[in-house]
Amino acid sequence: MSEPLDLNQLAQKIKQWGLELGFQQVGITDTDLSESEPKLQAWLDKQYHGEMDWMARHGMLRARPHELLPGTLRVISVRMNYLPANAAFASTLKNPKLGYVSRYALGRDYHKLLRNRLKKLGEMIQQHCVSLNFRPFVDSAPILERPLAEKAGLGWTGKHSLILNREAGSFFFLGELLVDIPLPVDQPVEEGCGKCVACMTICPTGAIVEPYTVDARRCISYLTIELEGAIPEELRPLMGNRIYGCDDCQLICPWNRYSQLTTEEDFSPRKPLHAPELIELFAWSEEKFLKVTEGSAIRRIGHLRWLRNIAVALGNAPWDETILTALESRKGEHPLLDEHIAWAIAQQIERRNACIVEVQLPKKQRLVRVIEKGLPRDA
């Protein structure tokens, strides 16, 4: 065991060790989330969590970290950048023949990577505090990570409900380490959104129903990742070519002009997932899907939902005979897929009959212009 440190020294060491482990920022807060409890309950009461039953099932436990690890006194909150080089946001979004995958999911699944780093951080603290009990969390337990990150000074909550940082925007993962030592806490930062509502107005489906409140049932990330059944028909045309997640509310945000590229090789895009041809993706067998998505966050939605999402994107593409052929080729595999294929075919035929060459989505066109002007490095 190393020489004991006083708590102020230990807090500084923890932040230093966190940076050495690859985190871009480390903050410390207490476990009091009592102010978040009524907001969480109101959100659940309005059914904004959709079919994510586990959110309601755990209830207020999410706002009580000390109940997850009895004796917890502090939460060490960390963030890690995930934006890859050559993100190709605009070039992918404006090409309806390509599939858009949320940029956090292009590389290796972040859960295990962050959890292992947090575990190492806990072990480093233990060298100076042998009686320490700790537990790492990365989307792996019912915990309100964003309010904790805000209290720990990592940023403020934007109107899209994500954490924003003045020097890094919002393209980063969050993680937590629960500890049972009374470390000095950090102070929250001043919010920086002001009267800006860009994220609310750009959302393709109007999922940000009021500042800081997202109705998951309308959110493309929820529809393409969490929803197990049929995607509501009225929302399908608004999804465009987004087949796994959506980044629009982040891309329009002025603070993401300061976004930082990741230094983690594991977050580099896998070629088959980066600006892929929709028709090629739709031809993947389940074996090919599992092979390409091994170690990826995408794998958990399964092959069926993957095809469902792509069918919607093909339905949103301009008329093309090869799209019709591709859609027809997968009929009869599963009722859920058949329903989305039938819708996509109807969309294609309607465009053919009306001689529609290009589908106009004003919000997407505006977003592409903003990206090309404000985020040229990542366009």
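Backbone N, Cα and C define each Cβ position, glycine as well.
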Among Cys129, Cys246, Cys253, the candidate listed by Swiss-Prot alongside Cys193, Cys196, Cys199 for [4Fe-4S] cluster 1 is Cys253
Out of the binding-site residues Cys193, Cys203, Cys246, Cys249, give me the one sitting nearest to Asp139 (active site, proton donor) by CA distance.
Cys246
Expressed to the nearest Å, what is the distance separating Cys219 ([4Fe-4S] cluster 2 binding site) and Cys196 ([4Fe-4S] cluster 1 binding site) at their Cα atoms?
20
Binding-site residues listed as Cys193, Cys219, least Cβ neighbours within 10 Å:
Cys193
Work out, from DSSP, the number of helix, strand and coil residues along the domain '4Fe-4S ferredoxin-type' (181-213).
5 helix, 4 strand, 24 coil
